[in-house]
Amino acid sequence: MLVSVFTGAVPPHLCHSSVGPQAFLNFTFSSPSSLYGQSELSCTVPLNLSGDAGLGDGHPSEKCQGGWDYSTETFQSTIVTEWDLVCEDASLNNMGSSVYMFGLLVGAVVFGSLADKYGRRIVILFNLAIQAVFGVGAAFAPNFYVYIALRFMVGTSISGVIMNAFVLGTEWTGSKQRMLAGIITDYFFGVGYILLAGLAYLIRDWRKLQLAISAPGFLFIFYIWVLPKSARWLMANDRKEEAWELIRKAAQINGKPLTKDLEMCQVYRVEKKNEVKKKHSFIDLVRTPKMRKHSLIVFYLWFANVLVYYGLSLNISDFGMNIYLTQLIFGLVEMPARTITLFTLNRSRKFSQLAFQAVGGTACLLTIFVPSDLSVIKTVLAMIGKFGITASLSIIYVYSAEVFPTVIRQNGIGIGSMCARTGGVLAPMMYLLRRLNPHAPMVLCGLCPLLGSALTLLLPETANKPLPDTIEDIEGSPLSEEHGGVSESSPGRTDDVGSSRTD
């Protein structure tokens, strides 16, 4: 997901002068700050240099004709240095990241529906193969356009793997532990985040790094023999014998053999009958006043969370500290950010969402007031911002599933996920705003969560309250408290979170 932080990094560079090496006498690659201060030298060649003439003193210049000289102090090679994605072509680098994110969007739509039709297991295995084949292929891409096409395919496959692995895991987990299982699953994203920092530190050539993260994907071939099908999916598709065989095997391994198969089947038939009654569409999300307000706010929260999450994650080089150390810190932040939600969610969904977005947005805004030479302080603030946004992103999965009533919950989460992926597509492009103002991206990363925090005030509290089932439950009155607790609705709630990610 985040390898482009390193493979697409832009090292300090100067336009290769056609008038001789004297053009570089006063500039060294070991001092990036001097290069950034003389950014015109990256894209132009000074003309008519005299012995005492400075390179940035208003002398006439022309565009680079002979290519660029790149610093190899941090990176041996990147896609930027190989295909000269600087100056006029700098936007192509951001476009490449956006194309990858668009692949995630396409993968969520395509493989979500295919998993519902053909099952989680086969879709996961198929996507693991795509991820390995096209990931290795990207390491041998002959040009930039082939590279982004291959990365697009990797993006679609990663969506298929992440989404369906989460759903398959939660479908095999007991109701009471599903939320915990989901958080633990998310931990491994943080583990990958950290491992990438170490791997990239050891491998400074982008092709070798791309190969190193992709080739191990072929080891997943043993999943053909160990990855189970989903018993719930099999039952939903009238393949009860296969489902019960898997359930009996699981029960036997757990030392809890089944004795009431008939009763379990009866529960399934009731659930199936209830499902048939649902005849709502996504139009119902905006048809009535309260539902429209809740839907639009939740859709914005999805968009803002993912926009800022990837806006920070993909542009860690902007904070001035060592890029590998920053990546490591950002990965470590994932763990406590996801863990803390386990303690705050039970008290208040609304306040948790509001508070973490406010913390994330405020920290991002404060970075613009920190001088560039205080890179440690800037990185600490960015880390706090990342902490807030990561926690907020974990909460929105649960919160949005509870805001939408049962009859349109899947539609609501599906469109919310689309809004999230749209934020992911726009995140790399956000940094093109630096041409207008160097602080523009971080201002955006600060204002979007703060607006989301304010809008959260207009959403209902859903903690320790029964789930709404119909649109009338939303429009007629606030979430009813007549049932008094969540002992019966909690399992349903976690079911909805798990199945929602399928959409």
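First residue shown is number 1, and so on along the chain.
Glycine residues also receive a Cβ, built from the backbone N, Cα and C atoms like all the rest.
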I'm validating the feature mapping. Which of 354-374, 438-458 is tagged transmembrane segment in TrEMBL?
354-374
Report the listed stretch (98-115, 295-312, 380-400) having the maximum count of Cβ pairs within less than 8 Å of the transmembrane segment (147-168).
98-115
Within this structure, do the transmembrane segment (324-345) and the transmembrane segment (180-203) have 3 or more Cβ pairs under 8 angstroms, counting pairs 6 or more apart in sequence?
yes
Are there residues at least 6 beyond the ends of the transmembrane segment (380-400) whose Cβ is under 8 Å from a Cβ of it, and what are they?
179, 182-183, 186, 298, 301-302, 305-306, 308-309, 312-313, 316, 319, 326, 329-330, 333-334, 336-338, 340-341, 344-345, 349-350, 352-353, 356-361, 363-364, 366-367, 370, 412-413, 416, 445-446, 449, 452, 459, 462, 493, 497, 500-501
Let me spell it out: take the transmembrane segment (98-115), skip the flanking residues so only those 6+ beyond its ends count, and list any with a Cβ under 8 Å from a Cβ in it.
4, 123, 127, 148, 151-160, 163-164, 167, 310, 414, 417-418, 421-422, 424-429, 502-503
